[in-house]
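Trainee: Sending over a structure as structure tokens; questions will come in a sec.
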Amino acid sequence: MYNRKEDYFVIILGLDNAGKTTLLERIKATYSSTEKPVHQTNCTHVGTIDMNATCINFWDLGGQSELRRLWSKYYAESHAILFVVDASDSERIKEAKSIFETITATEELDGLPLLLVANKADKANSMDLAQLKEMFNPIAVNLGARDSTVLSVSALRGQGVREAVDWLAIRLERNRANRPPVLRPL
């Protein structure tokens, strides 16, 4: 085991302009001593951070409606879901909730840890965490026994970002029997 590295893959989902790419960039900056470059494709940003014997790879998938149909191509290789909601955008919160509900009902993602991030918590008009939880709570029946939580962050200022990544790292390890990491030589 000492001559191999464990790779986990986290998909970052959410509507366009929710702050997914900003969050990925903040994660990269927070773990700057061990970061690898973020690579960009047409609809995806990819970033990797090293945490001891583990690599966490983040796939930031485009949130525009025409790009959402591509999300399913990443499900089979994913180990966790990071769903980003713009907590300051009251006009699109119902749309975000609908997409989140679809994600939680997707059989291919059953059992994966799911972190719902209320981003842009630093904005004055941002919905507080209790309101967001109340709004998304009816969807909890779709979650089953999987690890899940809701955290408040400001990707722009870095508030709550380390806590979010730490939560994911613990859950990835805890869920390894359900979705084992990809092992690669050092």
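The backbone N, Cα and C atoms fix where each Cβ goes, and this holds for glycine too.
Okay, so TrEMBL annotates it like this:
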type: BINDING; residues: GLY14, LEU15, ASP16, ASN17, ALA18, GLY19, LYS20, THR21, GLY63, ASN119, LYS120, ALA121, ASP122; note: GTP binding site
type: BINDING; residues: THR21, THR41; note: Mg(2+) binding site
Trainee: Which entry in the list of binding-site residues, ASP16, ASP122, has its Cβ near the fewest other Cβ atoms, using 10 Å as the limit?
Mentor: ASP16
Trainee: Using a 10 Å radius around each Cβ and counting other Cβ atoms from all shown chains, which of the binding-site residues THR21, GLY63 yields the largest count?
Mentor: GLY63
Trainee: Please give the GTP site's span as the largest CA-CA distance among GLY14, LEU15, ASP16, ASN17, ALA18, GLY19, LYS20, THR21, GLY63, ASN119, LYS120, ALA121, ASP122, to the nearest whole angstrom.
Mentor: 22
Trainee: Indicate whether ASP122 (GTP binding site) is helix, strand or coil by DSSP.
Mentor: coil
Trainee: Just to be sure I understand the packing, how many Cβ atoms besides its own are within 10 Å of the Cβ of ALA18 (GTP binding site)?
Mentor: 26
Trainee: Please report the three-state DSSP label of GLY63 (GTP binding site).
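Mentor: Going by the DSSP assignment, GLY63 (GTP binding site) belongs to neither helix nor strand, so it counts as coil.
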Trainee: Test of understanding: give the count of other CB atoms lying within 10 angstroms of the CB of LYS20 (GTP binding site).
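Mentor: If we count other Cβ atoms within 10 Å of LYS20 (GTP binding site), we arrive at 26.
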